[in-house]
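For reference, the structure is listed below as C-alpha cells.
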Amino acid sequence: MREIVHLQTGQCGNQIGAAFWQTISGEHGLDGSGVYNGTSDLQLERMNVYFNEASGNKYVPRAVLVDLEPGTMDAVRAGPFGQLFRPDNFVFGQSGAGNNWAKGHYTEGAELVDQVLDVVRREAEGCDCLQGFQITHSLGGGTGAGMGTLLISKIREEFPDRMMATFSVVPSPKVSDTVVEPYNATLSVHQLVENSDETFCIDNEALYDICMRTLKLSNPSYGDLNHLVSAVMSGVTTCLRFPGQLNSDLRKLAVNMVPFPRLHFFMVGFAPLTSRGAHSFRAVTVPELTQQMYDPKNMMAASDFRNGRYLTCSAIFRGKVSMKEVEDQMRNVQNKNSSYFVEWIPNNVQTALCSIPPRGLKMSSTFVGNSTSIQELFKRVGDQFTAMFRRKAFLHWYTGEGMDEMEFTEAESNMNDLVSEYQQYQDASISEGEEEYEEEVPIEGEE
C-alpha cells in the first residue's frame with residue numbers, strides 16, 4: 001500500500017531523519033525498539049507507508065542511513081530510537097567528504113553509492129506499490145549535498161516513474177557553517193532542478209528565528225530546530241499515513257503544486273507554534289491556525305512571501321476540523337491577500353484534511369507554498385557564489401577531485417535561469433496572455 005522509501009544522507013540529513021522517525025514512531029504508537037503499544041486501529045491501518053512489519057509485533061522503518069563517516073551514524077544508533085533501524089541499512093564510509101561537494105558526488109561518494117543502491121533496491125522490492133522516495137539532506141555540505149544529489153540521480157535512473165521528494169536544508173543568509181557553502185549549494189540546486197519532483201526548503205536561520213521569537217527559547221539547540229522540521233515532515237505525510245476525508249499523496253501534492261516542472265521549490269510552515277509549556281492553556285481555532293500558517297514569521301525558509309506571489313499552495317489540516325470552516329477560512333485569506341496570489345491560476349489553494357492530530361495537540365496545520373519569493377534564497381546563494389567564483393577561490397579543492405570549471409559555470413547559469421523563471425511568472429498577468437493569444441490567431445489563418 002503506497003510505500004515510501006526514506007533516505008537520509010550526511011550529518012544534517014541523519015539528524016533531521018532521526019527526529020522525523022522519532023516523531024512518527026510516536027504518532028503510530030511505537031516505542032524505541034519498534035514494538036507497537038498504541039491504542040487506536042488507525043495507527044496500524046497504514047503503518048506500512050513508512051514501516052516494514054517484522055516478527056513479534058515489531059515495526060522497522062523503511063529507512064536507508066548514509067554517511068561518508070561513521071560519527072553521525074554512531075550517534076543515531078546510540079540515540080533513543082537507535083534500535084528502531086535495521087542494522088543492514090546503515091551504509092557508511094570512513095573518509096568523510098570534508099564539506100567538499102566533489103568528494104561526495106564524484107570520488108568518495110561514488111565509491112559508496114552502489115552499496116546504498118543495493119539497500120534501496122532491497123527495500124523497494126519489498127514494497128507492494130512503491131509511491132516514491134524522500135530524502136533528507138543539507139545543500140551546504142559535502143555528503144548530504146554531493147552524495148545526496150548523486151543518489152537522487154541514480155534512483156531517478158532506476159525508478160523514473162516514482163516520486164522524488166527532498167527535504168533540503170538550504171544555506172541561511174547570516175549563519176554560515178562553511179566557507180564553501182555557496183559552491184556546494186549551487187552545484188546541488190543545479191541537480192535538484194533536474195532530478196527532484198518536489199523540494200521542501202528549510203533554512204536554519206528561519207528555524208532559529210522561530211525558536212527565539214515564537215517559542216521564546218533563549219539558545220535553541222539543533223535538537224529544537226530538528227524538532228520543528230520533523231513536525232513539518234510529519235504534517236506533509238499525514239495524509240499518506242492516516243485515513244482522511246480529503247487525502248493527498250506525494251504525487252497529488254506535486255500535481256497541485258508544480259505549475260512548471262522546474263519550479264518545484266516549496267516554502268513550508270507549521271501551526272500552532274507555541275512554546276513547549278504554553279500550548280495547554282488555550283484552544284486553537286481554525287481561523288487562528290490559518291492566520292498563523294500564512295504568517296511570514298512561520299515560514300521555515302528565509303524568504304518573505306510578501307516580496308513575491310504564490311503560484312500555488314497547499315494546506316493540510318489535522319484534527320477534528322470542520323470541512324466547511326476550513327474552506328471558508330482559506331477562501332477568506334485568498335480574498336484578503338489576493339495580490340499575493342497569481343490570478344492566472346484560479347483555484348490555487350489546495351486543502352487536505354486528516355482527522356488524527358499530532359501528539360499533544362487538538363488540531364494543527366501544515367502549510368506548503370510555491371511562492372516566487374523563494375528566488376531571494378537562490379539569489380543570495382548566487383551572489384555569494386559569484387563573489388568567490390570570480391576569484392576562483394577554493395576551486396582547487398573541487399578541480400582536484402576531477403571537476404571542471406565548466407561545471408561551475410553551468411550550475412551558476414542554471415540557478416540564474418531558475419531565478420529569472422520565478423521572476424517571469426511573478427510579473428505575468430492574465431491580460432498579457434490574452435493579448436498574445438489574439439495576435440497569434442490571424443497568423444495561423446494566413447497560412
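Here the Cβ of each residue, glycine as well, is placed from N, Cα and C on the backbone.
Noted in Swiss-Prot for the protein shown:
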type     : residues                                     : note
BINDING  : Q11, E69, S138, G142, T143, G144, N204, N226 : GTP binding site
BINDING  : E69                                          : Mg(2+) binding site
REGION   : 425-447                                      : region 'Disordered'
COMPBIAS : 432-447                                      : compositional bias 'Acidic residues'
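Where Swiss-Prot records a feature, it is marked here on the structure.
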residue: Q11; record: GTP binding site; Cβ contacts under 8 Å, 6 or more apart: D67, G71, T72, S138, G141, T143, G144
residue: E69; record: GTP binding site; Cβ contacts under 8 Å, 6 or more apart: F92, G93, Q94, S95, G96, A97, T143
residue: G142; record: GTP binding site; Cβ contacts under 8 Å, 6 or more apart: G10, L68, G96, A97, G98, N99, N100, W101, K103, G104, N184
residue: N204; record: GTP binding site; Cβ contacts under 8 Å, 6 or more apart: V169, S172, V175, L225
residue: N226; record: GTP binding site; Cβ contacts under 8 Å, 6 or more apart: Q15, I16, A18, A19
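According to DSSP, S138 (GTP binding site) is assigned to a strand segment. Across the residues the record lists as binding GTP (Q11, E69, S138, G142, T143, G144, N204, N226), the two Cα atoms farthest apart are 23 Å from each other.
The secondary structure of G144 (GTP binding site), as reduced to three states from DSSP, is helical. A simple Cβ count within 10 Å picks out one of the binding-site residues S138, T143 as the most packed, and that one is T143. Under DSSP, E69 (GTP binding site) is assigned to coil, being neither helix nor strand in the three-state scheme.
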